[in-house]
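The structure appears below as structure tokens.
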């Protein structure tokens, strides 16, 4: 049935239909009182709702539509009016924005460059920060709700809609409306949304913008996808470049470990302008990383901070094997790390069923890093052969200007050149006081190694990816994908973290 030409609330004449979704239909309309074009969304009741549930949904839509109308922000589609025609669900009257959705752009182009994604995210974060300050949680941040204007403007839409109807969450009848691909894990577990949930969903949206796929992948089975969302298992971003560190912070599995939307806006603004993102906390239980990009693995393991160890032990000076160029293989050996525990399975009761979340904590016996590649800025890998020097103090020249990728990679090379034999002095000279896992634990772990090499170095602004090739004192050899975070402070470059990205594997 068409409603073209219908006048809603005595003033909004409906024209062409411009959009539709699981929860409603959007029409372009003419406001005959103020002579302006508006967008009018007709909310729809869910099938199978009882009369009492339908009435509660109507009241909730009216109440939360009015709340959304309080938000006036240049990057949010404004809600002008909430109308009850008495024939079903209310109608929301909103600002009309000639635009395309981010989802439509991604469907056409596949991905966007990290800097452009950061620009879009900065504007969305600005609107969401204002919403959170006004007590409004969006609940449905996703590419389909981000509008990109022809003039470069960015606006987020559907404020209040998801609060009223739960567009992408489990409904009271146990049915799932829309995709859960951008939900925060706690929402998939049945918890109430918070501003932190919006932070995660924005991170998931930006992840999809640069990677071309949501962090939990895609599935034709929404319940299977919901299960994966609840587990918090994401694929590591491979194309995020300077957005990598902000994304990892936004996508923290635990809500309390995510940054605020204000800090998110600041970090994205820095990346959008070509500046390094400010330091953002890395979650102590960071998001689980799958092994293969764009192909989620059921055996994905968490991105872990380095395990704490005992007091430092005496270290020996050992010649370090050369760094191998990307693609070169090495001899095989047993796995260096032993799994020391599996977290207790948490059975979460959700309306759609029971989700079992298993958190495998893979603690390794040796950690650290080796001679790094130097001087590459385009993601290439420059091999460097280094030998561990005697255990002596390290004097480093100051870095007085903003370090570029070459300087950053050289700092990594210099640091790894001291390992494992001079780990104690290297820790004092290179590691930040808040180094993830602790400097003492790092030195202790180095004492269990005979040699370390590094290859497949992938530069990123203050966050590098690489593969560590580790030889334990018992001769076993393993390869461990790592992320290396740097910090520039007091005219010096420091190593702030070395974190595992996936599981260690035996060399072959």
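Glycine too: its Cβ is placed from the backbone N, Cα and C atoms.
When TrEMBL is compared with the stretches 227-262, 263-298, 299-334, the one noted as region 'Disordered' is 299-334. Given the ranges 158-177, 178-197, 198-217, 338-357, the record in TrEMBL names 338-357 as transmembrane segment. Per-residue confidence over the domain 'Protein kinase' (12-280) averages 86 (mean pLDDT, predicted model).
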